[in-house]
Amino acid sequence: MFADFDPLNLKPGQMVSDWRIVRRIGSGGYAVVYEVERDGERFALKVACQTERSSDPRQTDARARREVACLQQLNHRNIIRMLTSGRWPHARSGFHYIVLDFVDGYTLARWVERTHPTPHEVVVLFLKLFDALEHMHAKKVLHRDLSLRNIMVTKDGEPVIIDFGAADYATAEDLTDGPLPPGTPRNRSPEAQSFWDENRLKHGARYTFKATDDIFALGANLYDVLTDPTPERSERRPVLNSMLLVPPTPYRATKGRVPGELSACAMKLIHRDLEVRPATAKDARRLLADLERYEDAEWREIPIHPASSQLPPEPPAAEPLPVEARQSESPQEPIPSHSFPVQAGPADAAPVPSAAAGGPVQHIPRRAWLRPVFLGAVALSVFAAVVAASVLHRPAQPEPPPVARSASAEQPPASSTLAEKPTSRPERLASPLPTQKEASLSVKLPDNSPTLTNGVPDSQQVQKASGRRALIKKCAALVASVAWLEAGCTGVQTRPDPEPCPEEAVKAMRQELGWAVGYDGPGILLDVTKGTYEEAREQPHAVWKDGPVTGALIRAEGKAPAGMRVDGHLWTTGDHIYGRYVRAHLPGGRTVPICLELSNQGDLGSELEEGSKPGAPVASKVSDTRAVERWR
């Protein structure tokens, strides 16, 4: 019976103790959550799911026990309530499960998109959240991952803090195996971020998480609610914890739709100086309490974000997102980044006129906030593609040299060449993987482009040109696959779209390598040509460029040995270094397909470091990864 119990894939109708499985809701770092039913009532069942599939079963089980210990100490209307816990199918050796109240509502991110809240509604909601945080801290419990996905809002507008999988309490055992505890990098406090920057490669370094870190995280959530009309789909926003740069105030970011007093409160909660931020959740709640009294139209009638910039309200019959659905089952469109100015000046602190009194307020669309550097890179890639296409398809008669012109809005999107995806994996080609130097991207036209002899190309030149046209089409279809690497395709200056991974890769990662798909994977050295892991500890950063790379595992993971080579590709023209590794070299010379992407504490990509310039991004030589069933 134990062998038949797969916590990752429980089917409707299966029983876990007295609880009948209704459907799978979602998964997190250490558990899968299901909707269950008993005696006609709905509940949420959270099953610790790495016990049999991970190299760290002790931590998985220990985290489940610690989550139970935290929830047993809490009793607040805005904190998820635990009903019971146990093991299944065996009372001693089975998987750990927790039964929780079923919250019928939205994640905080989805609530913003679907209900179009006013400033007053946001203030009331966050007053309740800070009150819950005050109760939590009074019980010596730290949540450690307060994020837009870990806060639910019921149909009645009541917020509920969920998912205590990363939580900690005063006398708990230390389970963190890295410098920082699990959490959302965007919501790290500046102190935690500084510790990470200074100690990320130091073995045994541990950050002491404090109540002020939870307060900053909840303040970061408030900032996102006020400034981002579609926070559920925003995956590429910059962090809020830089010690040098300060994000635009909510008042400025929304062109006055956020009242000045609320804007100033949000900026104080995420201030880079710890002495300026509230020291306790009670102090933070008092800041917001002063704003609840305002009754003007700009506070109680005008939504923070125009409905046109968000998703339309769902029909009443639509099924809302239940509790603890931490990961969407469908691909989500990334939203471009904010543009971060230097520390805000005195003008931001000045009294703000009422939006109602000042007439209609213009809203800046999110896509107007794209970074100029990123736009320049995309424009360059579009221009290069257009020029290359014109050379390959030029008529058989001399033409004057083309006049250079800048890319404009009339040109197609940079990702248009990637629209076609293969419906099945092509057979492997026998050509070896090119080195980074051999396969680096260049916008210069090839020297062997067909030339004219007396106005007529010879047969060999026509054949070569035809071959190049075929290769371009082939590369566009094979991007980010094993065949893409083996076909000798050079780099493409864009991050490919999210798409499913081949079934063979998912099977190989689970069975051949023993990796937990959907969770943090092995740490890797991005490119073995840039030195060893020991050398990376002395000189941790390097300049990167688009192209194929061969990386190596820093340490053993599952059945994969330390030093195992993995082949992949890097994309370096955005605000992160993105990487996908698609093939692993097993001991003995055999290779298997994989889907391993660069990840930073769960976020996609590797962060850029100080000294990065357009065309010369600087990032760490080592990175965390995530084994995935679907490229993000």
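Glycine is treated like the rest: Cβ placed from N, Cα and C.
What TrEMBL says about a protein is an automatic prediction, not a curated fact.
Quick caveat, the model's predicted, so the values are computed rather than measured.
For the domain 'Protein kinase' (19-308), the mean pLDDT of the prediction comes to 88. Residues or ranges marked as domain 'Protein kinase' in TrEMBL: 19-308.
Taken from TrEMBL, the feature ATP binding site applies to K46.
Summarising the annotation, TrEMBL assigns region 'Disordered' to 175-195 (among others).
Annotation source TrEMBL lists region 'Disordered' at 305-359 (among others).
Positions annotated as compositional bias 'Low complexity' by TrEMBL: 344-359.
If you look up TrEMBL, you'll see 396-461 (among others) marked as region 'Disordered'.
Residues annotated as compositional bias 'Polar residues' in TrEMBL: 448-461.
The list of residues near the region 'Disordered' (604-632) in space but at least 6 beyond its ends in sequence, with Cβ under 8 angstroms from a Cβ of it, reads 185, 200-201, 235-236, 331, 373, 376-377, 480, 496, 498-501, 506, 509, 515-527, 530-531, 533, 536, 539-544, 554, 572-581, 594-598. Annotation comment: TrEMBL describes 604-632 (among others) as region 'Disordered'.
Summarising the annotation, TrEMBL assigns compositional bias 'Basic and acidic residues' to 623-632.
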Helix, strand and coil residues within the region 'Disordered' (604-632) as assigned by DSSP: 0 helix, 17 strand, 12 coil
Other C-beta atoms that fall within 10 angstroms of the C-beta of K46 (ATP binding site): 30
DSSP-assigned states of the region 'Disordered' (175-195) in counts, ordered helix, strand, coil: 9 helix, 0 strand, 12 coil
